[in-house]
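A.B. asks: Please see the structure below; I have some questions.
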Amino acid sequence: MTRFVLFISCFFLIGMVVECKEGYLLGSRGCKMNCLTRPEKFCELECSLVGGENGYCAYWLACYCYNVPESVKLWESDTNECGKRK
């Protein structure tokens with residue numbers, strides 16, 4: 001029983017360490033990266049260029065990426081700078 005509990009604990013610990021983030025790619029002006037008029041595989045390519053595992057054009061509007069390294073800045077509603085003057 002002790003080994004089973006230890007195994008489960010290690011399993012959850014590994015899951016937390018390997019976890020990567022996901023979200024919308026950040027464009028040059030602080031907005032989500034637009035994909036409306038881009039080729040079909042544009043978002044998949046852009047996500048792989050920043051180290052993401054996969055990506056797609058969400059609702060034909062913005063690139064959404066999965067398993068992006070922690071060092072990559074993604075668009076966040078809390079820190080949204082899109083359309084704001086500096």
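Placed from the backbone N, Cα and C atoms, the Cβ positions cover glycine too.
Copying in the features that Swiss-Prot gives for the protein in this structure:
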DISULFID  C31-C82  disulfide bond
DISULFID  C35-C57  disulfide bond
DISULFID  C43-C63  disulfide bond
DISULFID  C47-C65  disulfide bond
DOMAIN    21-83  domain 'LCN-type CS-alpha/beta'
MOD_RES   C82  cysteine amide
SIGNAL    1-20  signal peptide
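Buried or exposed, and what's around them? Tell me for each listed feature.
C.D. replies: Around C82 (disulfide bond), a 10 Å sphere centred on its CB holds 12 further CB atoms from the protein chains shown.
Long-range Cβ proximity for C35 (disulfide bond), meaning a same-chain Cβ under 8 A and a gap of 6 or more residues, is found for F42, C43, C57, W60, L61, A62, C63.
Classification of C63 (disulfide bond) by DSSP places it within a strand.
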A.B. asks: I'd like the per-state residue tally for the domain 'LCN-type CS-alpha/beta' (21-83) from DSSP, helix first, then strand, then coil.
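C.D. replies: Here the numbers are 8 helix, 21 strand, 34 coil.
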A.B. asks: Which Cβ among the disulfide-bonded residues (C31, C43, C47, C63, C65) has the fewest C-beta neighbours inside 10 Å?
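C.D. replies: Sparsest of the disulfide-bonded residues C31, C43, C47, C63, C65 by Cβ contacts within 10 Å: C31.
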A.B. asks: Do you know offhand how many angstrom separate C82 (disulfide bond) and C65 (disulfide bond) by C-alpha?
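C.D. replies: Distance between the two Cα atoms comes out at 19 Å.
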A.B. asks: Can you grab the distance from C47 (disulfide bond) over to C31 (disulfide bond)? Cα atoms, rounded to a whole Å.
C.D. replies: 16
A.B. asks: Write down the Cα-Cα distance for C65 (disulfide bond) and C31 (disulfide bond), rounded and given in Å.
C.D. replies: 15
